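In what follows, a single structure is set out as C-alpha cells and then discussed.
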Amino acid sequence: EKWERKHPLYKKNKVRTTKYTILSFLPKNLFEQFHRFANFYFVILIGLNFIPQLNVFGKEISMLPLIAVLSMQGLKDALEDFNRYKNDLGVNNTYIEVYQSSDDKYHKMKWSDLQVGDIVRVVCNSVIPADILLLHSSDPDGICFIETSNLDGESNLKQRMVVPKHWGDNHEFYPKEFKSIIECQTPNNEIYKFHGNMIPANGGEKISVNNSNLLLRGCVIRNTDYVEGIVLYAGHETKAMLNNNGPRYKRSKLERRMNTDVIYCVVLLLVMCLIGSVGNGIWASNMSNIEQAELFIPNEENGEALNPALSGFYMFWTMVILLQVLIPISLYVSMEIVKWGQVHMINSDIDLYHKETDTPIRCRALNITEDLGQIQYVFSDKTGTLTENKMIFRRCTIGGVDYPHAANVRRIQLRWIQLRSSMKTWWVWIKCCFTSLVAGTFKQCLKKSFCVAMSTTHIIFLSRSQHFFIFLLTKMKVILLASKLRLYLETDVTPDPVLYEKLISTPYSTFACNEASAAVPSLEKARIWDFFINLAICNTVVISNDSDDSVTASTTPDPYSVSTSIIPSLFLLSTILFWSNRHIQISTPGAETYKPLFPNGNHAIPVNGNTNNSANIGAHFNEDGTGFSSEYETEYETKVFVPRLLTDEELSKIRYEAESPDEAALVYAAHAYGCVLAHRSSHGGKESVTITLPDGGGKLEFEVLHKLPFDSTRKRMSVIVRDPRNGQITLYCKGADSAILSALRLKTPGNDLSTQSNNSTDIINRTKQYLDKYGRVGLRTLCISKRVLTEAEYSEWEQLHRAAERDLENRDQMMINSFVRMEDNLELLGATGIEDRLQDGVPETIEALRQAGIQVWVVTGDKRETATNIGRSCRLIHQNDEVIELITETPEALSELLDTTISSQDNKRGKLPEIQHQTSILSFNVSFSLPNSTSYPTIDDKDLPALGQSAVSEIADKFVLLARRCRSVLCCRATPLQKGMVLKLIKDKLHVMTLAIGDGANDVSMIQVADIGVGLSGQEGMQAVMSSDYALAQFRFLKKLLLVHGHWNYARLASMVLYFFYKNAAFVFLIFWFQILCGFSGGNMIEQSYLLIFNLIFTSVPPLVNGVLDKDIDAATLLKKPELYMQGIKDELYLQRTFWINMLDALYQSLIIFFFLYVIYLDTEVGLIEWGTVVTTAAVFVILIHLGIETKTWTWIHWVCQIGSVLVFFAYSLIYNIVCATCLPPSNPYFVMERVIQTGQFWFSILLVTAVALFPR
C-alpha cells in the first residue's frame, strides 16, 4: 500500500527529446529566433514602417526579407525536431518483459510504460530500457556483460554483478518474494558513480550496492542469456538522459569581433540618420518662406506645415528604416551556411581519414571552424595522443634485480628480417600443411615442401621437421582479438630466460608453508611468484573465449601473418614437442652458429653474467638511452627460448578485454610466464578469481574479498584476496611509483618477517634507479606491491569500510580514506616497464606547429623521466635545450625558485619580452626552454596544486610570466583536474586561443576548458571524443587540420564577413548621397523591391561559395611553410583597421557610382526610376566584380555563381518591370529596364563606373 501511494510520484520511462509540439512550434521557435539582436531589430523597423509619418516601403514588402530569414531557420529547426520525434517514437514503442504480480509472470510492455520499481527481464543482445539494479543473472556466477558503446563510446565489454548476499546461494530468483527496500542517490549524470543500500524485508543488515550492480539505460546485454533487475531510474531521470545535453554552443573569436563591428555599423547608421534629421530640419526651415513649399514639406493633419524640429524627428526614424540595409540581416544565416559547408569539406578530406581503423575526422561543433586558424596554444596529452597506446611489456625489476627481456626487444626490432624475403613460399607451405593435416596427408606434405621452404630462408633443421612449428611459434607475432582494444595490443611476450628459470625452479606450492616450517624458500623467489600473481589478478580484466565472437589477426589481410584459426593447432603441437631435446641450426648471412634447443634438459638457455649484481644497473643500456647494447643483444642472438605452454585447449583460446591497454599488457605478460588469468566467478555474493600456474603447477582459486578501484587521486588500484592454500589474507597493489613508494613500510632489524614488510633500503633504492632508467628510455612504469594482513587487521578495516559504503552523504571521501588506510605499509615487489611508441608523424607535426608560432604544451600523468624522453623523441625538447627543473615541496619554495629562475634568465640574456614565440620548454615536474637559448624546465605534481590554489595569486602570475616566454611546456604527473587547471590558468591570464587534444577520460576536463577540444578515438574509450569539438584518429592529422583547414576557414570567414559589411555599406551610401539632392526628405531613387532583395538574392550566393571553396594559398604551400599560419594568430585578416578600410572602400566606390552617373545623366530626359535602375545595375557589377578580385582560387562553381547572379538580376528586372507595374505604388517600374538596356549610354556608363570604382583594387 505504501508503494502504491508513492509509485505515481516517480517519472515514467517515456522520453521526449523534441523541443517543440505542433502547437508550441510557431511561438517557441519565433521566441528563440527573436533572441538574436538582428532579427529583433528588423521587427522594430517593420513596426516603424507601419506608422504613416515614417512609411518608406510598402507595408507588406518590408516584411519579406525578415520572413524569408525566419522561414529558412524555422524550416531547418522543424526538420531536425521531426527527426528527433521519429527517434523518440521508435524508442518508446520498444517492448520489454515486465513482471506482473497478478499472475506471477513476465509480460511484454512498451518502454514508455515502465516505472520505477518494476522488475524487468532483459535478454542477450537487447538494449537496457532504464537504469536497473541487477538482481539475477542467467550466469551461475551471478555476473553479466554489457556493452556501453551507446553510452560512452567504449566497445569493450564491462562486467556487472548481481547484488551480493541478497538471495543467498540459491541461483533461482522469485520476483514475487522480493520485498527489499532500496536506498539510492537522487538522479544524477555521473555514469561511473552510484551507491546505495538494499534493506532486506526481514530487517537484516544493509547490503551496499554500487556501480558494479547497476545496468544503465542504452547499454546492451552481451554474452549472458538474460538478466533480471528492478528499475531505479526511469525516463529523463536515467543517467543516459541526464547526460544528453547535445553539442555545446561556442562562439568563435571572429564572431565575437564581428558583433563589435555590428555595433559600429549601428553607430554609423545613427550618425547618418542624425545627419539626415538635421539636414531635413534645415531644409524644411529654409523652404518655409518659399511659395508653394507645402508641395515638398510634410503637413499636419490640419494642412499646416510641420514644425522643422518635428519634421527632423520624423525624418530620423524614416532614415533608420530607409538605411536598414546597413545592418546585415542575412550575415548570421550566411555564416551558418558557410560553416556547414566548411565542416563538410573537412569531413570529406581523405588525408584526415585513418585507413587502419576506418576512422574519418568528425566535426562535432559546427560554429567554430574559423577558430582552427587562430590557435596560439596547444595542450596535448601524451599517452595515446602522442604515443600509439599500444602497450607492450618490455622489462621488469623484481626485488632490485633487472630482467631486460632482451629477446623480446630483439624480436620487435628485427621483426622477421630473415623471413620476409620469402614469406610467400612459407605462406603457401603453411596452408598446404594444415590442409593436409585435415586430409590425413600431413607427413607427405612435410616431405614434399619442407626442403623448398627451408632453403629459401637460410634455416636448416638438423632434426625433425616438426621443429619448424616451434620456431614459427616463438618468432611469429600473434595478436589475439576480442574487441577493438586488442587490435592495439601485442600479446606475445618472450619471457626473460633467467626470470622464467627462477619462477619454475621452486613450485608455488612450496610457499604455502607456515613460518614454522623447516623449508622456507628464498624471499627473492617468493617476490617473483607474488609479482606475477599480482599482474594476473590485480585488475578488472574481463575473460572471454574465442568462441564468444569472431577473432581476426588484423584489420586487413596480411600475407605475412598467420590466420588465428591455426593458432590452437600450433599451441598443441608446440606442447607435444616442447620436451624433445632437438637441435636447431639458425644460419644468418655471414655467420653460422649451432646450439641445442634445450641443452642439459633445462627449460631455458642460461644467461652469462650475474644479473643479481646491483653494480650492473644500466650496463645493458646504450649510452644514449635508446635501447640495449649490442653486446647484450648478441648474448641472446642465437638462443631460442620457448616457455612451456598450456596443454588445455580452452586456455589457449583465452582472451582478455581490459578497460586500459596497460592492464591488458600486464595480464598478457603474466600469461606468457604461465600465470594465466583463467576464470572469474561469483557464488553467493562471493567473488573468486582462478589462475593457472606454469610448468603444470595446477590451478589456484583466490577468494576476492574486496577490489579497490583505480582513481586519479590515489593513482593506484588494489585487490584483497584470501590465499586458497593457507587462508592468508593478502592485498596486491599496483600503481604509480609516487603513490606506491610513499606507502612502503621499511624493514627494520630484528622484526619477524611474518609481521613486517620485507622491504630494504637497498632494494628500494635499486628499484628507484631502474625506474629512472626505464623512464629515460621512454618506458611507462608501474610499481608492484603487496601487504599481508592478519585476520584482526582485516576485520577492523572491513567494519570501517562497510560503514563508509553505507554512508550516502560523504561516501566518496570516506571510501577514499578507507582505501588509503588499507594501502599502507606495503611491501615492494618490483616494477614494470611498458613501451608506448610514438605515433607516426608526431615529431614532424610538433615541429610544424612550433614553426607556425603555436606554443605546444604536453600535459601528462607520467613521471618526469618518461615524459622527458618522449619530449625529446617528439622534438618538443631539442638537444641543445637547457633544462631548468622546478621541483619543490612547498608553495613558498616554488615562489622563490620562480623568482630565481626569472632573474637568472633576465641577467643572462637581458630583459625578455612579454611574449616570445621562439622559446624553449616548460614541464611539470617543470621544465622550461627560453628564447634562442638552451633552457628546459620541469614542474613536479607537488607544485601543481599550489598553482591551482593560487590562480589569482603572485605564484600564478610568476608562473605565467615564465611560461609565456617558453616556446613549449611539459607538465608531468598531472591529474585530470590539474590538466584543466593548467589550461584555464594560461587561457585566463594570457587571453589566448587554446586547443586541447587527448584520448582518454582523464583529458575531458582539459578538452572542455579549451576554446577547441580535440578527441582522439584511441584505445581508452570514447569519452574524450564525446566531449570534444573535433574527433581525429591520429595526432598527426592535427597538422593539416590547423595549418590548412584552419587557415583556409579563418581566411574565408574573415573575407566573407568583411565583404558583407562592405557591400551593405556601399549600397546604403548610394541612398544617403541621394538625400543631398532631395532635401533629406527620405526619398529614394532605387525601386523598393531592389532595395529589399539586393542583399538577399542579387549578391548573396557568390560570397557563400567563396566562404566554402576559396583558397588563398594552396595546401602544399601551407604545409611547407607553416609560418603562414601566423596570419591567424596575429589576426591580420580581420583587424579593426581592416574593417574601417573596407568601409572607406565602400564610401569611395559609392561616391564614384553615384556622382559619375549623376554627371553622365545630367540634363537628360531619363526619369528618376530609370536613373535609379542604372545606379542599381552599376552597384551590382561593382560589388560582384569586387568579390571576383578578392577571390584567389577560381572554380567552375565560382564562375556559375558570379555570372548567374548577374543574369538573375537582369532576369528579375525584366520580368518584374513587365508584370508588376503597380505592385508597389507610387513607383511605376513598367518597362524601365527594357528601355534602359537599349541605350549605349547605359553600357558605357556601367563600364566606366566599374573600372574607375575598382581601379584602386
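Using N, Cα and C of the backbone, Cβ positions are placed for all residues, glycine too.
The active site, 4-aspartylphosphate intermediate annotation in TrEMBL covers D381. Feature annotation from TrEMBL assigns Mg(2+) binding site to D381, T383, D999, D1003. Under the heading domain 'P-type ATPase C-terminal', TrEMBL lists 1025-1257. Annotation comment: TrEMBL describes 38-57, 262-283, 314-335, 1057-1077, 1139-1162, 1168-1189, 1196-1216, 1236-1255 as transmembrane segment.
Here the C-alpha separation of D381 (active site, 4-aspartylphosphate intermediate) and D1003 (Mg(2+) binding site) works out to 7 Å. Confidence for the domain 'P-type ATPase C-terminal' (1025-1257), expressed as mean pLDDT, is 90. The Cβ neighbour count for D1003 (Mg(2+) binding site), using a 10 Å radius over every protein chain in view, is 33. Listed by sequence, the residues of this chain that lie at least six past the ends of the transmembrane segment (1236-1255) yet keep a Cβ under 8 A from its Cβ atoms are 1148-1149, 1152-1153, 1156-1157, 1160-1161, 1164, 1170, 1173-1174, 1177-1178, 1181-1182, 1185-1186, 1189, 1210. The Cβ of D999 (Mg(2+) binding site) has 31 neighbouring Cβ atoms from other residues within 10 Å, across all protein chains displayed. Between the transmembrane segment (1057-1077) and the transmembrane segment (1196-1216), the number of CB pairs under 8 angstroms, six or more residues apart, is fewer than three, so the stretches are not in contact.
Over all protein chains present, the Cβ of the residue listed as 'active site, 4-aspartylphosphate intermediate' has 29 other Cβ atoms lying within 10 Å.
A sphere of 10 angstroms centred on the C-beta of T383 (Mg(2+) binding site) encloses 28 other C-beta atoms. Counting same-chain residues at least six beyond the ends of the transmembrane segment (262-283), those with a Cβ under 8 angstroms from any Cβ of the stretch are 37-38, 308-309, 311-313, 315-320, 323-324, 326-328, 1061, 1064-1065, 1068, 1072, 1075-1076, 1079-1082, 1139, 1143. Outside the transmembrane segment (314-335), and at least 6 residues removed from its termini, the chain residues within Cβ reach (under 8 Å) are 36, 38-39, 41-42, 45, 48-49, 51, 53-54, 56-57, 62, 65-66, 69, 72-73, 255, 258, 262, 265-266, 268-269, 272-274, 276-277, 280-281, 298, 306, 1053, 1056-1057, 1060-1061, 1064-1065, 1067-1068, 1071-1072, 1075, 1080-1082, 1084, 1091, 1094-1096, 1100, 1103-1104, 1107. For the transmembrane segment (1196-1216), the residues of the chain that approach it from at least six positions outside its boundaries are 1089, 1097-1099, 1101-1102, 1105-1106, 1109, 1173, 1177, 1180-1181, 1184, 1187-1188, 1229, 1232-1234, 1237, judged by C-beta separation under 8 angstroms.
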